[in-house]
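What follows is one structure encoded as structure tokens, with my remarks underneath.
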Amino acid sequence: MKAAIVVFPGTNRERDMVHALKLVTGQAPRLIWHGETSLGDLDLVVLPGGFSFGDYLRSGAVAAHSPIMRDVKAFAGKGGHVLGVCNGFQILTESHLLPGALLRNAGLRFLSQDCHLKVENASSPYTQGWTRGDVFRAPLAHGDGNYTASPETLKRLEGEGRVAFRYCGADGAVSDDDRTTNPNGSTRSIAGILSENGRVCGLMPHPENLTDPEIGATDGVPLFKGLVEALVG
């Protein structure tokens, strides 16, 4: 699988993503600087976590206008696969590759903790490694992770099965108003969503940080293994 990770000033999770992808593919992905204008021949583009351009204006707002994002948009427009994690999810919404927005966390403070996610759609390349209803653990680290969208957009996301992950308790229970299960206050506990064709995915927690048993756990491995199976077979 030919993958590349886009690096912006302030990105800090690209090496974690390299490690996760290398574990499941056997080869390191390319790193592409934001100032470049061409992605080249790829199967997957990843926008990793961090604080691109210091989160000035809004998280992801400046990065969305970087030169490389023109080709990322073109790649997605042709049916290419794009994964955005944390700041990458914010960049995807700012680029209008995914609907909605990520607001300041409900508690108005930065969160760095583990959370549990419930798989809502197991038929996309990003979720096919799980079964619908599965619950897994993932770390989160963000100040602007509170997902919101218009009522019409939310209805469309739910109706089209485009909610990929929801925040939940360890038992899978979802409670929008419970900050122990929905820590940032996201609308309908939404943690990750898909594009209309299912090929663009954004989520706030970091599955790449739980892919190696030597550094904690392997809860995030199904996402990456599912991608390899979907894109390479």
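Yeah, the Cβs are placed from backbone N, Cα and C, and that goes for glycine too.
Here is what Swiss-Prot records for this protein:
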ACT_SITE  CYS86  active site, nucleophile
ACT_SITE  HIS206  active site
ACT_SITE  GLU208  active site
DOMAIN    3-233  domain 'Glutamine amidotransferase type-1'
What number of additional C-beta atoms lies within 10 angstroms of the C-beta atom of HIS206 (active site)?
23
Tell me the Cβ neighbour count for GLU208 (active site), meaning other Cβ atoms within 10 Å of its Cβ, over all protein chains shown.
29
Which residues in the same chain, at least 6 apart in sequence, have a Cβ under 8 Å from the Cβ of CYS86 (active site, nucleophile)?
ARG13, PRO48, GLY49, GLY50, LEU140, ALA141, HIS142, GLY145, LEU203, MET204, PRO205, HIS206
